[in-house]
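*Asks:* Handing you a structure now.
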Amino acid sequence: MTKTMPKAELHCHIEGATPPALAAAQAKRYGIDTSAFIKDGQYSWQDFTSFVQSYDATANLFRREEDYALLAETYLTEIAAAGAIYSELIASPDQGDAVGIGADAYMRGLAEGAERARAKTGIETRLLVVGIRHFGPERVVKAAEYAARRPHPLITGFNLAGEERMHRVADFTRAFDIARDAGLGITIHAGELSGAFSVRDALDHVRPSRISHGVRAIEDADLVKRLADEGTVLEVCPGSNVALGVFKDFQSHPLRALHDAGVRVTLNSDDPPFFHTSLAREYEVASTVMGFSDAEILGMTRTAIEAAFVDEPTRQKLLARL
Ligand SMILES: Nc1ncnc2[nH]cnc12
Ligand SMILES: [Zn+2]
């Protein structure tokens, strides 16, 4: 029974967590037509490329610092009500620039929302600055330089997301070196749309403590062993993987195989309403469809908090709540 279990999430894109009802309210506020990407109250897309287009169109519905506070407060309050005690949100300074308020106001808004949710529910939140792979290495370096300035105390990590099939991981080593040298936690999207090679490249060139997805590593037994030996934590999103067709269904998903091979795995929602899921549903599916015991699932939550990009006192406080 996972409903009342404590939960933690390391991999959720904040704009990708926008409830369609909130998207509709924002669209009304700004007089934006959403019929191209919201149909019958659901986000509409067919493949990863059109998912990114819907994602970007939704992201553009948030235009003021207060909008971002509302978005973060709404999502964090929702998952706290489902038992989440910790959340890391993937946030893009490029998006703050795209809507014209700049990265600082964008991050301040998200942090304000996180603070409101914490005051109401106790949920602890951190923000991960993300570089967008299909914007190219130079723009990702700029995102890393922004994060390296440590512009907000809640910003504790750096990630790379976007179109995994563009460029090579090696093209982004400078961005990750800048982020790592600034003391930020390092994670990277790999092994989702591209195969095992992209996970190996991530380990070789970026040396992350975590990988967003990483699940295609299952195609290479030696790589699975390497992940287990090195203790790299995978931020696995089964609902996202099935929705995007990375695996055809939950029964074919390698979460059980990775877990039983000793790889440290966690449960995450990625872009929950886009993939018709939620953090609570990921926990429920892990239990009722993938057959994980309550103890195994609690272990995944523990792993998430052990791998969280937080200070030690906060980590200990969170571990004490498990
Ligand atoms: N699943 C995903 N993969 C890569 N980039 C993303 N941005 C938002 N969701 C993503
Ligand atoms: Zn993701």
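Cβ atoms are placed via backbone N, Cα and C, with glycine included.
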*Asks:* Given that TrEMBL lists His11, His13, Asp270 as binding Zn(2+), which residue among His152, His167, His189 does it place in the same site?
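*Replies:* Within the candidate list, TrEMBL flags His189.
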*Asks:* Taking the Cα atoms as reference points, how far is His11 (Zn(2+) binding site) from His213 (site 'Important for catalytic activity') in Å?
*Replies:* 9
*Asks:* Near ligand 1, meaning Cβ under 6 Å from any of its atoms: which of the recorded positions His11, His189, His213, Asp270 fit that description?
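*Replies:* Checking each Cβ against ligand 1, the ones under 6 Å are His189, Asp270.
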*Asks:* Is any of Glu192, His213, Asp271 (recorded positions) within Cβ reach of ligand 2, i.e. under 6 A, and which?
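*Replies:* The qualifying recorded positions: none of them.
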*Asks:* Compute the C-alpha separation of Glu192 (active site, proton donor) from His213 (site 'Important for catalytic activity'), stating it in Å without decimals.
*Replies:* 6
*Asks:* How long is the line from the C-alpha of His189 (Zn(2+) binding site) to the C-alpha of His213 (site 'Important for catalytic activity'), rounded to the nearest angstrom?
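*Replies:* That separation, Cα to Cα, works out to 6 Å.
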